[in-house]
């Protein structure tokens, strides 16, 4: 315990070394670009999907949503299922930014775009790993996932200080722990399959534990990496089946003492995780022991990355001076795979790498010492910089330009491809290198509509003319639907006409306010997708409770207070509102009245006075249950249990 | 027979923000809700949706007086106090307040009906729908009953450019006085209005007898008029007062239900169409005749209301369907969405009742629909899971209300999850932004009406007989327009007259008789001559 606390403090030291924004952003943008690429591949491989996706992704209020950010945040919180289960979409919305619209629309976007992507990633990592033609994609995925992992690790630490976002933290930590546990147990399992049953038995408890984890991508990713390494290792190695030795060999030290040292420190590192996550996962100490032992391998992998980076990155020296530890872990991703493989191939590098790894480890635990250490590392880096320079510069150029045109993306892709291929040298033969290129480029061309960066495509605005002739058009009404120029979107599959609601939903709590809101947003999204510009022309964008999103809570309260007396006036209801709400036009007031105020009143009636429903009597009593969208009534963020009842004062007072 | 495969639907997004004022029963927002529901059901994929042009004052002045139109255009809420005399003259103020965008609102709904009529004229569609229209009370020089511009009249005038005769049918709970008045002197438009009459119900016109008083100047109820005298009268009147008999009113009392209303409607309308042979039909579907309307007093269900629409559609004539009254927003939306479906030959699922599968005493109920049942079970399982995790004292209670819908409440002593009680429902209406209005059933079914049906069978029988009498008379009222399409289907009166009613004739002889008629007379012209001779 003491040790944990101490380490907790230690991790606080990390936090103090802030100012690494640029590095983090750099990592993010790289990460984002990878995400975009992989997502593009995903989209191109799923052309027959029945669900309709449009780009750029817009929220209910028409604002663009950063898919990557959303994906990242949800992932961080533990994946779609966990977030849904724990009712954390509000949290997600907050993190995605203040102007991203309602919770439901975010959830919708995730469900529409990213959930499947998530599954797809999982599937491809599990099954498609060995398919030759997909090596390029896999390479990308691998690097993406590695990056994910790294970023994730960083984030988890940087978030420790956000006390108010406790749940999220807890979740992320739980996840983090889970994924390390899973990855290690898996790696053990695979490397030792026949010979080391004992290990399996030891890991049994952990695997069952890790099954709870929702964050499959991370699990799978680490698993994938480890698996790859392990698959290749036997060919070169001396067939040592002990995990620790294997890792040690990979790192190239071959020295057990070194290894043990590392292990100890890793133990400490993982304890930090355990300590923070402890409050949530109330596990027995015995399993803690296992956990403590197990994450060290993934941590070792991290160190491996650090080592690889240190020895490879030509830019790392100057950049790192102003950066802390967090920043530089974000960068190591490019060199990780290469390093591992190089180590496996070239014995000559082993010693250097081991030394670096050792150094890294110390830095990790005591980042304040980092700069001193780094100075020592400089010469080694400079020695090895030559072959990476050009590529890196290009990447830097494209950093953060996820919005750049496709052609440029392609160039970039080529470079990246080459990078990946270079890093794949160990496992993939040179003859194969052409293949993944083709495999990757083809789907990109097949999906011209997809813009990975969410760049708005020039919208095809259909010309609205009458049927007979131009001059008559005005006198016969302007045709709005169906559009004159049909959108050639093969993805559009309409719901059956006039059948009402088709299927029951798979929400956790079907029929709850949250579920309700979600489906309304879903419908709204579908409609806006189908109608295109008509959605605005028919004022659908100004309908429904989402109108309230442009109102502050204070204004809404003020409106509620003021509407009552002014309704009794015969004329000029809105006259005094002009003074009260100088920023609102009359139309906004009327729109709010119809779309928010009246709907809420009806909601109130539905809940409190279900026997006396009257949406047409303007002088009915107005109350409110729950939050703005009625979701707060069952929204209990701190509870693990979804439903917690709280006394409804409004209700009991009136009944 | 033409198939009704081309439907034009008129909608302008701007009508939703029109606000008549506090506590005014007319809420154009219902049009938004209707449109939402129509789209939620995906009905737009089966029709063409148009945005109407805003009718120009000149167009409005085709019926209305220019000064009235001009005044409507000019007046604003801020300036209305400056024109008290005009306000009184045009009947603006109380029922027909002046509000912002008043004239634009009128332009939109009138434009919709006019455009709809034009599209029908040009054979660009077979059925045109304008739910925003149907404001049938407006007079030539005055507003009345929430109506400012009588779009129906303007639409019919437009239809009359292409059709010799137009039939106007009105199933609003209020009498379609504005339209009747507008076409009172022409036989080119027949107006048939089914409405509540009596108890000083607005607008206080539309009794069957009124027409006859005006007809010959003396109160002469049809019942007391002998058939021959009546016929003779019409023949005498031909050419001078063309339109006097072309207004049919069906005055009804409170609480008429589906069965009697639709029976009456079908009998009368089929006879009218058969007799009058309209070139086009205008149907005003005021939804205030539904049960539970804020102003109405009938007991019609949406099915009953829609049945009328379905029936009119079957004539396969160019059909212009408009809205009208309707002051309980969600019912209006339900009704018009369903009727849009009817016109598109897309029946929306709207029957739903709870079946007691566990026995009344246990308090468990389930929907009859499979979907509802599945949902229920899932919900129950889900809730139980949640609840057993949390605390054991929670009871699950299914509540059945008087509307036989199912509600679920989870209660823990005084704590009540109202959320659940409201939100668990049988999904029928697809999700849309206004789904909450359709609580507690969330179906197209109306909460049942509880108004006593004051229309006795004998009363309805009397009405039916009167109308039939009237129609029979019309058959013998030729006019310029009628000559174009001579009626060729009714059995000439002289046959009836010649026959001895006391003498029983068997079917075979009757058939022979008819055949013989066909042999001797070359079609209808001869029949007409004989009629005239008789």
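Cβ coordinates come from backbone N, Cα and C, glycine included.
Fair warning: this is a prediction, and the values are worked out from it, not measured in the lab.
Here TrEMBL flags B:24-341 as domain 'Histone deacetylase'.
Annotation comment: TrEMBL describes B:137 as active site, proton acceptor. For the recorded site, residue B:137 (active site, proton acceptor), the DSSP three-state label reads coil.
Less than 8 angstroms from the CB of residue B:172 (divalent metal cation binding site) sit B:134, B:136, B:193, B:195, B:284, B:285, B:286, B:288, B:289, B:324, B:325, each of them six or more residues away in the same chain. Residues or ranges marked as divalent metal cation binding site in TrEMBL: B:172, B:174, B:288.
Feature annotation from TrEMBL assigns region 'Disordered' to B:487-534.
Look at TrEMBL and you will find B:501-534 tagged as compositional bias 'Basic and acidic residues'.
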Rounded distance in angstrom between the Cα atoms of residue B:137 (active site, proton acceptor) and residue B:174 (divalent metal cation binding site): 9
Same-chain residues at least 6 apart in sequence whose Cβ lies under 8 Å from residue B:174 (divalent metal cation binding site): B:136, B:137, B:145, B:195, B:196, B:201, B:202, B:203, B:286, B:288, B:325
Number of Cβ atoms other than its own within 10 Å, given for residue B:288 (divalent metal cation binding site): 26
Of B:137, B:172, B:174, B:288, chain A-adjacent recorded positions (C-beta under 8 angstroms): none
Average pLDDT across the domain 'Histone deacetylase' (B:24-341), rounded to a whole number: 85
Near-site residues: divalent metal cation, ref B:172, B:174, B:288, CB cutoff 8 A to centroid: B:173, B:195, B:286, B:289, B:295, B:296, B:324, B:325, B:326
